[in-house]
Protein chains: 2
Amino acid sequence: MPTLRIALAQVNPTVGDLTGNSGIVRSTARAAVDAGARLVVFPEMMLTGYPVEDLVFRQSFLAASRAAIERLAADLDAGGLGDTPVAVGYLDADGPPAVNAATDPSAGPRNALAVLHRGRVAARYFKHHLPNYGVFDENRYFVPGDTLVVVRIDGIDVGLTICEDMWQTGGPFVAARRAGVGLVLTVNGSPFELHKDDTRLALVRRRAAEAGATVAYLNMVGGQDELVFDGDSVIVTAAGEVLARSPQMAEHLMIHDLDLPLGLLPPPPSEPPAPRPATGEMGGDEMGIRRVHISDPHPALPGVPVHGGHAARLSDEAEVWQALVLGLRDYVRKNGFDKVAFGLSGGIDSSVVAAIAVDALGPADVIGVSMPSRNSSAHSREDAAEMAKRTGLELRVHEIQPMVDSFLATMSLSGLALENLQARVRGVILMSISNQEGPLVLTTGNKSELSVGYSTLYGDSVGGFNPLKDVPKTLVWKLARWRNDEALRTGEEPPIPENSISKPPSAELRPGQLDTDSLPDYDELDAILLSYVDGDKGRADLVAAGHDPELVDRVVRLVDLAEYKRRQSAPGTKISIKAFGRDRRLPITNRWRETGPPGV
Amino acid sequence: MPTLRIALAQVNPTVGDLTGNSGIVRSTARAAVDAGARLVVFPEMMLTGYPVEDLVFRQSFLAASRAAIERLAADLDAGGLGDTPVAVGYLDADGPPAVNAATDPSAGPRNALAVLHRGRVAARYFKHHLPNYGVFDENRYFVPGDTLVVVRIDGIDVGLTICEDMWQTGGPFVAARRAGVGLVLTVNGSPFELHKDDTRLALVRRRAAEAGATVAYLNMVGGQDELVFDGDSVIVTAAGEVLARSPQMAEHLMIHDLDLPLGLLPPPPSEPPAPRPATGEMGGDEMGIRRVHISDPHPALPGVPVHGGHAARLSDEAEVWQALVLGLRDYVRKNGFDKVAFGLSGGIDSSVVAAIAVDALGPADVIGVSMPSRNSSAHSREDAAEMAKRTGLELRVHEIQPMVDSFLATMSLSGLALENLQARVRGVILMSISNQEGPLVLTTGNKSELSVGYSTLYGDSVGGFNPLKDVPKTLVWKLARWRNDEALRTGEEPPIPENSISKPPSAELRPGQLDTDSLPDYDELDAILLSYVDGDKGRADLVAAGHDPELVDRVVRLVDLAEYKRRQSAPGTKISIKAFGRDRRLPITNRWRETGPPGV
């Protein structure tokens, strides 16, 4: 069988940066061709970044993407790379882009994959299955394609597919079997979730078997707002063998020699696409097939075969930690910030944020602000100082009592209003530092306390990004211990003071306050939250699973009431099925309660 | 021809309040039957409220809706109303609800309309066309129905449709003509936008002609988060004659005698639905028709014919004002608040918010807080006091300089950081009042300044709701003059001080500051924003339309950079095509600029 040396470019594009993303394609394609690659592949929507959301509706953006793909083809050719086909995801359209694809399906935007060759777009495929659940809204944005595109490269037939095409039954993989391809490319912008890597690999295997062909699965890497694309690209044979696998959470150029059958000779004529139904999508079995000839069989490659390797797999904690580091780093850098600042209380949450920030940006770009009040314990100040000493981050101290007292001189506040005042004064201090000096403010509330509304709106929720937004409290502790163990393993000083991990958590907004005054034990709380929030289970399911009914009622009521606060909080890296960002949409005004009618 | 006395219940349900909404149906149906109605109709998703968003994915909610519709049928019957068919929108499903309708289209949730009769659900129709643009996400939530349901009531054939079914070509209205119905009901949760009423009426006329039948169009009324449903229900004949029209922005029970042809006798057997395609929707012409017999022809109604009337139409300003009043009142009441509080600076924005709040809630539930600094002019204090005197709202005064100074004693702040500090101290004062006493805080920034980021995050943007979020500055002035003229017309004192309307706008955050220091003239700014934000036009379109290129670049750059701040701001009533809420989704991290690559 002939050999195809394929390059899977697991790279990190930025949304909207057509120029920068084109540059990544050019330099990476150059490196791949220098290594002898005969086909170079880039992720879904490589040119525009992903997801571009409502930018799709701006005609000037769509036009810019279409112009940029043509320019990229020309530039690759001018740079001497024109003979190597390069597959690049981008935003395209049939005819002039429609303002609203929902009302004019014939002319709407397309999630497209181009094969660039000899200075032009030699083939283009439009994504067929459009995901419209969780974080995805693609029925809003794109018109589905109805034709599988098969390109013949070095005499080998290669089917093109994009992301969701693999997650739904029917469609392109069925058509690929019918077309008798030797290889299916699937390019992705597939966001990280804990344990999703296992699901994905099983699915790649299943589709490879269905198509009767090797599948080359390429995923993007990097952070984009709340999403982290985790890479983890893989090549799997029709028999399910993993030939090579790229690392998680890191950029990587995988180059691998694939032995693949030659396509039938001569290439059969294109089958016409089936007629388009009046509205909506069509089933996969009716997909047409379009064949494009790129290049004839190629002489055998010289030298020893190149193997793409098997990157080591990360443990669950390592995977989450690296996702949080990558998500924060890219949010900061891609938004044009250099530094971050946040309240460093010496508690577990802000300490873990500090460690993540130092890993993401280096200690010189991390400002921890200790803002003690008269309710702050001595160990809070000490633990914050110890954290700074261990990591080298910049520590500042602002006592908040004078500002708190200045409000109390004109307003009579008590209870929750007084507790919140302290958190809000801290928010004002952090935003003043941000406005005066430029760092991005991080907020540090974990998913458990955000879920039940245990935070102060415009207080500790102040900030542009929250690394722990999707991390339950019990996982915060696990991550802290894992990070410290990792440091010991590599001979470094553990970054997080032991006392920050072991002391009972407290908001320190009134004397002697503990989280357990207001909240259940975090083990119990997180177990209920996992079912109720991530799993969409109802009260009855939770009770049936063995949780105490009164506790369930209490937690569920808190969660239902906390929705508004969560909406107002900063974006944060998503690591679970249901974070509190774009993939969760609930009405604010809503009187339905799991636990019965709301009280007056 | 026989007469059908129809009742269109233009009512105001609350999302999630199954018990309360059932109560509205029972009491309104009672009133309609007492007035002799033979068919009573309620809006789309009446039982659950609309839109319910991700509540759809909670199985317990779906089960609660299905149980509630059965209970409602039984309760109506037990209350002696069982003989009158009552059409009620609700959430249903085929079989057990799927967690994710996208992956299991056969069992997913349905946007449904039930006809209740003699204690049971006698017929149910599933919405066919699902809107998935603007504020709508129904492809995410619902599986489309594929069968038109025709109910025979008093011998008259009535076709059932829901909202978007009318906005798309093909589908139920085509099937209704084929079925030979005498009447099409279309129940709606159709959100208000300026001038949408005219579009809607034209569409009802067109569909009535297509169906060859009278159309009874019923819309919901009331505020739900950012949406306002404006009522404006209407009955139109196949020839396009408007028989009766309900008021805008108010609850109303329209009762009208319709002369309609009897259905064919005997009723033809049901046509089976066409086979469902593998995925997605089907075209309208293939819709099946299901016929349900409810009741035989009825003796002629005694007495004079009842006419539904023609409600007076509102002017553009009146329409917007009433939408803002209704949106605020329902947001406050439906979320369980009694009072509102906001910063009352004496400027035009906070004065208009004050007038809206007083109209919505009455002066006793409105707290205006004057928070002067050393940069506040004397007239600011006076205008705020004058506003309070004219309307009777409660005025409080908190000087902010001592708090500002307490921060400056420990931090060295200048420029924007110093300006923002003042706005943030005001935010802390308002939230302290809210936490101590319970009012909802309103934020008062207009759409023009929010569009260009002319506001302080966690400062003047603090608050749970913003009545002016979708109101451009030039319209704020128009509304102020309109409201004062309206007062003169009805012999009341104009609520807004003339000086608040006529003085040049200023943020008063530094000595002598004017909006025009930072922003273009509002007439020019709003014209550009209308094209760029609402119209999704590009830079080239704006320049071609005659705007100064440098000004276009400046505004477009400000808008592109302000997206993050807008995301963090409170919900507010939507009155235009593109507000800044759920119907606009842009990545935060985005380096694409209309005006070229971003600077470093």
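Using N, Cα and C of the backbone, Cβ positions are placed for all residues, glycine too.
B:Thr444 is the only one of B:Thr237, B:Thr443, B:Thr444, B:Thr456 that TrEMBL places in the ATP site (with B:Gly343, B:Leu344, B:Ser345, B:Gly346, B:Gly347, B:Ile348, B:Asp349, B:Ser350). In sequence order, the binding-site residues from B:Tyr133, B:Gly347, B:Asn420 that place a Cβ under 8 angstroms from a chain A Cβ are B:Tyr133, B:Asn420. Within the set of recorded positions B:Glu44, B:Tyr133, B:Ser190, B:Glu449, B:Lys565, the entry lying nearest in space to B:Ser345 (ATP binding site) is B:Glu449 (CA atoms). Here B:Asn420 (deamido-NAD(+) binding site) comes close to B:Thr456, B:Leu457, B:Gly459, B:Leu509: these same-chain residues lie at least six apart in sequence, with C-beta atoms under 8 angstroms from its C-beta. Taking H, G and I as helix, E and B as strand and the rest as coil, DSSP gives the region 'Disordered' (B:488-516) the counts 9 helix, 0 strand, 20 coil. Once Cβ contacts within 10 Å are tallied over all protein chains shown, the binding-site residues B:Lys196, B:Lys565 are led by B:Lys565.
The secondary structure of B:Lys565 (deamido-NAD(+) binding site), as reduced to three states from DSSP, is helical. Distance from the CA of B:Cys163 (active site, nucleophile) to the CA of B:Asp349 (ATP binding site) is 35 Å. Our reading of the deamido-NAD(+) binding annotation (B:Asn420, B:Glu449, B:Lys565) yields a largest Cα to Cα distance of 15 angstrom. Note on B:Glu44 (active site, proton acceptor): other Cβ atoms within 10 Å of its Cβ, all shown chains, come to 27. Annotation for B:Gly347 (ATP binding site): spatial neighbours B:Ser380, B:Asp383, B:Ser500, B:Lys503, B:Pro505, B:Ser506, B:Glu508, criterion Cβ-Cβ under 8 Å with sequence separation of six or more. Excluding the listed site residues B:Gly343, B:Leu344, B:Ser345, B:Gly346, B:Gly347, B:Ile348, B:Asp349, B:Ser350, B:Thr444, the same chain places B:Phe342, B:Ser351, B:Val353, B:Ala354, B:Ala384, B:Ser500 with Cβ atoms within 8 Å of the centre of the ATP site Cβ atoms.
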